[in-house]
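Peer 1: Below are the features I grabbed from Swiss-Prot:
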type	residues	note
BINDING	His126, Thr127, Lys259, Asn268, Arg277	substrate binding site
BINDING	His156, His195, His251	divalent metal cation binding site
Amino acid sequence: MAKKKIAISCGDIQGVGLELILKSHKEVNAFCEPLYLIDGELLERANQLLHNAYETKTLNTLAIHSPLPLLNSSTIGKVSAQSGAYSFESFKKACELADSKEVDGICTLPINKLAWQQAQIPFVGHTDFLKQRYKDHQIIMMLGCSKLFVGLFSDHVPLGAVSQLIQVKALVKFLLAFQKSTQAKIVQVCGFNPHAGEEGLFGKEDEKILKAIQKSNQTLGFECFLGPLPADSAFAPNKRQITPFYVSMSHDVGLAPLKALYFDESINVSLNAPILRASTDHGTAFDIAYQNKANNKSYLNAIKYLA
């Protein structure tokens, strides 16, 4: 069977993305046919910063139509509008290749959201771009590994705005889309307030969550969704034995336990997108950029998922 062709967007070149590309290429090449969306010159510069530890000549690259950012010992680990613009163009090209079926999937390396903002990119991140590009699809950010998966009802929004987003109709649509994509038989849904609201004592959001769960189960014809569960105990070992699938109303409530347990091996997947996309579950790690310290397990797992 022919190996799948995977487009790999470079992420922010001032972070660990290029180190991950170089140190992982031999393993990645065994799983798929990687196409690195980056100018070869930048990979050469990255390898020089990594003391020429890796082979660069055999990597299949595609130049990006964007000015080359500076990459040297004084720029690494720093936010740059040029690097932000370049990482966005690399990602956008990956989506274009996937849309035209020139690649089978895309793997996105970490971007810096502030760099995108400085480059006047009108999207918070990868998932926000995908939601705008594919508006007819209920795209869901899910992170996890085989032991634990967490779908995020809200992702990169301020915590103070989440309460207003919790509406029965929107949550029912989300829950049904999550179940359809994952085919999960049981999904545990985290509550929003302390003690899942304590029957309305601590806010009304959890009452809406309960109604959405009931309506979703009724639509499915079986009790798929459990909850809302008090989030402080939802990820206890006995709860995780019930199912690996969870839904969280907010970003950190769901991802804090996931990353505490499985940070190195988890990946980020865009459910319900018309293209196949996966990513690492970590950021640019500016603090260890070009020090040969980056753990590549999450990146390799993302590639394996796509391949």
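Heads up, the Cβ atoms here are built off N, Cα and C, so glycines get one too.
Note that this is a predicted model, so its numbers are computed, not measured.
Situate these features within the shown structure.
Peer 2: Under the three-state DSSP scheme, Asn268 (substrate binding site) falls in the strand class.
Less than 8 angstroms from the CB of His251 (divalent metal cation binding site) sit Leu152, Ser154, Asp155, His156, Val157, each of them six or more residues away in the same chain.
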Peer 1: Any same-chain residues 6+ apart from Thr127 (substrate binding site) with CB under 8 Å of its CB? Would you list them in sequence order, or say none?
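Peer 2: The list for Thr127 (substrate binding site) reads Ile139, Met141, Asp155, His156, Ser270, given in order along the sequence.
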Peer 1: With H, G and I counted as helix, E and B as strand and the rest as coil, say where DSSP puts His156 (divalent metal cation binding site).
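Peer 2: In three-state terms, His156 (divalent metal cation binding site) counts as coil.
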Peer 1: Relative to the Cβ position of Arg277 (substrate binding site), how many further Cβ atoms are located within 10 Å?
Peer 2: 27
Peer 1: Can you tell me the CA-to-CA distance separating His126 (substrate binding site) and His195 (divalent metal cation binding site), as a whole number of Å?
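Peer 2: For His126 (substrate binding site) versus His195 (divalent metal cation binding site), the Cα atoms are 33 Å apart.
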Peer 1: Taking the Cβ of His156 (divalent metal cation binding site) as centre, how many other Cβ atoms lie within 10 Å?
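Peer 2: Looking across every protein chain shown, the total is 14.
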Peer 1: For the binding-site residues listed here, His126, His195, Lys259, which shows the highest count of neighbouring CB atoms within 10 A?
Peer 2: His126
